[in-house]
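Worksheet: the structure to be examined is printed underneath.
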Amino acid sequence: MTTAAQVSGLDVAPTRHARLVAWVREIAELTQPDRVEWCDGSEAEFDRLTSLLIEQGTLVRLNDEKRPNSFYAASDPGDVARVEDRTYICSEQAEDAGPTNNWLDPAEMRATLRGLFAGCMRGRTMYVVPFCMGPLGSRISALGVEITDSPYVVISMRTMTRMGTPALEQLGTDGFFVPAVHSLGAPLEPGQADVPWPCNTTKYITHFPETREIWSYGSGYGGNALLGKKCYALRIASVMARDEGWLAEHMLILKLTSPAGKVHYIAAAFPSACGKTNLAMLIPTLPGWQAETVGDDIAWMRFGEDGRLYAVNPEAGFFGVAPGTGEQTNPNAVRTLWGNAIYTNVARTDNGDVWWEGLTKQPPAHLIDWKGRDWTPESSEPAAHPNARFTVPAGQCPTIAPEWEDPRGVPISAILFGGRRATAVPLVTEAPDWRRGVFFGSIVASETTAAQAGAIGKLRRDPFAMLPFCGYNMADYFAHWLEVGQKADQTKLPRVYYVNWFRKSPEGRFLWPGFGDNSRVLAWIVGRLEGTAAGVETPLGVLPTKDALPVDGIDIAEEDLETLLTVDVEVWKQEAQLIPEHYQTFGERLPAALWTEHEALVERLNSAD
């Protein structure tokens, strides 16, 4: 067995943080790497690691004239996405993980992990990656250290976080950090050849909420391996937020400037495939309005001394789904991707560029698909994997707001919730108070099947868009949101809105144009915040009057607008009947206030007859 004394680089730690140094030594003794490297985040380090990855066959450098300083990687076909069935919240008590998370006894899990991690880095380098989630020096930010045996993870963390020496200096000699251990689970014996994408068929993505630890084994894919992202910024941070009185949320942050020059910041939570990145990079079709991006995926929010809720984007990059991203849907994302990007599981063109479905209207005549095969438009499979990804610095976005790295954060005026609903849910509804807003967040769903006329399709609930990402019992999470509202100055809380861009006609036609025209809904929301936009009370909440929604310049039929801005009482009676089944999932821990909200909705619907 390799001892710590035999591991090259272990005794040259560039820090006097005793707990960190002891932890690195402990993991090195367990995993037995050939050497240890402390990452500084420098360009020289990035160049060295990308050269190493090219040599190993993991990366291909793209055409520098087309995509400067950009790289392509193809994963193992069995390692292409987050593995929710292998993701665990190992709280001390099972009930603290709740019914929506996988739980195993933490002592049992630790024993399993110790067995898997024993010797798992043999023949490899162990990289120590200090990183900061959020702007360096912000009171809203927090630090972490990831140990990994994947240089692909190191270069990706350099894009996605503030990584290296600045984060290590911020940590000082005794600062708090979240320890995150990652291994591909692919040790190399002496003389054994490596593969381009090492991984293991056994996978565990494990969180220990009480000790704020993350252990990930067997996967090299982003969400499972870049442990600052979902693992820390949502699962562990949501527990920290519960304990410390703040919010860690799966939300974009958007800066909106009205024609009068007034600025509002909006946070929005949508499940996957509901247009979050598109809204974060919105190009308004309304004349005089400007939209800028603060964040596209995660928001950390704390109350400021003035009583307002301030948000930072804890990430430094975008880790986006490539397919469906194009000039028609998200031109700002396309312009962000001019260079300094890592593409995973997209297709490659004959001239050393990348392509994916949705990038252009017509595909190239020939490609190399994500599995390395020749591809033509006649091929039966997509050229890019549906979950193909790009990793790119956020600062390259042409609409990035100057405030995106402000350590003070930005004050949030409104919070939006929404799913992909073909039926029932109006275009936009204002909650009269915070509690109704929490109720809206708790019932977010997307329709997974088409509905018959006058009925509702099968719903997949994703409350607050946090179902895969909440690090503790979701009923307690709802209670935390309610408590945050109760403790705050009610006059300074953000207003809450329930939006739905995806309403369809009975024939399956979208009623709302969406994309840049969603700025029209945001304009009404800003009007509500400023007291200038008219609304009408409904059993659900306040909807725009037809005259209050600015629809000049878009082709929308009068009856479609009527449908979008109406609460159909009979359909909502059906909708209300579906909520108890969802709530009963959470048992007795569900806050009574949400049952009260549900009962009040039923009463308002019955009174509306």
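Numbers here mean position along the shown chain, with the first residue as 1.
Cβ atoms here come from the backbone N, Cα and C positions, even for glycine.
Residues annotated as substrate binding site in Swiss-Prot: ARG82, TYR221, GLY222, GLY223, SER272, ASN387, ALA388, ARG389. For ARG389 (substrate binding site), applying a Cβ distance below 8 Å and a minimum sequence separation of six or more within one chain yields GLY222, PHE319, GLY320, VAL321, ALA322, TYR343, THR344, ASN345.
The feature Mn(2+) binding site is assigned by Swiss-Prot to LYS230, HIS250, ASP297, with sequence analysis given as support. The Cβ of HIS250 (Mn(2+) binding site) has 25 neighbouring Cβ atoms from other residues within 10 Å, across all protein chains displayed.
Within the same chain, residues at least 6 positions away in sequence whose Cβ sits under 8 Å from that of ALA273 (GTP binding site) are ARG420, SER446. According to Swiss-Prot, the feature GTP binding site maps to ALA273, CYS274, GLY275, LYS276, THR277, ASN278, ARG389, ARG420, PHE515, GLY516, ASP517, ASN518, an assignment based on sequence analysis.
Sequence-distant neighbours of CYS274 (active site) (same chain, six or more apart, CB under 8 Å from its CB) are GLY418, GLY419, ARG420, SER446, ALA465, TRP501, PHE502, listed in sequence order. Residues annotated as active site in Swiss-Prot, with sequence analysis given as evidence: CYS274.
Within the same chain, residues at least 6 positions away in sequence whose Cβ sits under 8 Å from that of LYS230 (Mn(2+) binding site) are ARG82, GLY223, PRO468, PHE469.
Taking a C-beta cut-off of under 8 Å and a sequence gap of six or more, PHE515 (GTP binding site) has these contacts in its own chain: GLY275, ASN278, LEU282, THR329.
All protein chains considered, the CB of ALA388 (substrate binding site) has 25 other CB atoms within 10 Å. Rounded to a whole number, the distance between the Cα atoms of SER272 (substrate binding site) and ASP297 (Mn(2+) binding site) is 10 Å. Residues ALA273, CYS274, GLY275, LYS276, THR277, ASN278, ARG389, ARG420, PHE515, GLY516, ASP517, ASN518, recorded as contacting GTP, have a largest CA-CA distance of 26 Å.
The CA atom of TYR221 (substrate binding site) is located 19 Å away from the CA atom of HIS250 (Mn(2+) binding site).
Ranked by CA distance from THR277 (GTP binding site), the binding-site residues HIS250, ASN387, ALA388 have HIS250 at the top as the closest.
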